[in-house]
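As structure tokens, the structure follows; a few thoughts come after it.
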Amino acid sequence: MKRITGNRLGLSLLILLGWALIGWLAGPLLALVGEPSIDLGGISIPKALLFAVIFLISMSALFDSREVGLAAPSSGRSLLLAWLPGLYAVWFLLLAVWSGLPSIALASSLLVSTALGAASQELMFRGILFAGLRSRYSDLKTTWISSILAGIAWLPVWIWYGAWEQGVGDMMLGFLLSILFSAIRVRTGSLYPCILLHAVWSYCLTLLRVSGEGVFWSQLLFIALVIPLPIYGLFLLRKKALVGMPAVAAG
């Protein structure tokens, strides 16, 4: 597939629209016809998430691999920047273990779903869209814009299912966490740590929710608990920390 050297921002926004249509329409439509997932040895693989990842992988070929972060981290030391969200994930996992883990089949299905979801969101917002915005704006402005769009992306799904309150909460949470993931993306120079961190975070949090231990947390309380994460992300994006970082390939 030929790489695009022109309007990367316009292209990334078109890809965002295609990705959103897959996420907003494919899942509900597949559920209506009774075929929302693929059963693989007792492990359920959501088709909509799988289609979204395949779509984004194919679209990423239009960009330089370094632009979308499909390259090794700038250094092993940069991976240590994920220590704070890592502590949160461990905390969620310990609470889930304490309150009782689900069956192996369910835990395996959740692992596949959260991994696909993390790959889909990171490829879109910290990969393709980030590359498009970065061709026009600074890292900080790119972070704000991509994080706002990442938050908004959650709302239509929950409105479709009639759970707009859940949608508003997830929209706020998605926005806040996107600031952190964007900072990790900039500081490591790679999308892979973002995908791994996002997958681990989502999996541990999902285990906590299905265990029943997470039900006593209101959306607002949980959002308040994670406020340190976007603050930490903005700290990582301060001008002094970005001085001397290598430029991103432009195609």
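From the backbone N, Cα and C atoms, a Cβ is placed for every residue, glycine too.
TrEMBL labels come from automatic prediction, so no person has curated them.
Feature list (source: TrEMBL):
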- 12-33: transmembrane segment (TRANSMEM)
- 45-63: transmembrane segment (TRANSMEM)
- 79-98: transmembrane segment (TRANSMEM)
- 104-123: transmembrane segment (TRANSMEM)
- 107-203: domain 'CAAX prenyl protease 2/Lysostaphin resistance protein A-like' (DOMAIN)
- 144-161: transmembrane segment (TRANSMEM)
- 167-184: transmembrane segment (TRANSMEM)
- 191-210: transmembrane segment (TRANSMEM)
- 216-237: transmembrane segment (TRANSMEM)
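Below 8 angstroms of C-beta separation, residues 19, 23, 42-46, 49-50, 52-53, 56-57, 60, 68, 150, 181, 191, 194-196, 198-199, 201-203, 206-207, 210 of the same chain, each at least six residues beyond the ends of the transmembrane segment (104-123), sit close to that stretch. Long-range neighbours of the transmembrane segment (12-33) within the same chain, counting only residues 6 or more positions beyond its ends whose Cβ lies under 8 Å from a Cβ of the stretch, are 46-48, 51-52, 55-56, 59, 120, 124, 128-129, 131-133, 149, 153, 156-157, 160-161. On the 0 to 100 pLDDT scale, the model's mean across the domain 'CAAX prenyl protease 2/Lysostaphin resistance protein A-like' (107-203) is 91. If one looks beyond the transmembrane segment (45-63) by at least 6 residues along the same chain, the residues whose Cβ comes under 8 Å of a Cβ in the stretch are 1-4, 8, 11, 15, 18-19, 22-23, 26-27, 30, 35-39, 70, 109, 112-113, 116-117, 119-120, 123-124, 127-128, 131, 251. Here the domain 'CAAX prenyl protease 2/Lysostaphin resistance protein A-like' (107-203) has, by DSSP, the following mix of helix, strand and coil residues: 85 helix, 0 strand, 12 coil.
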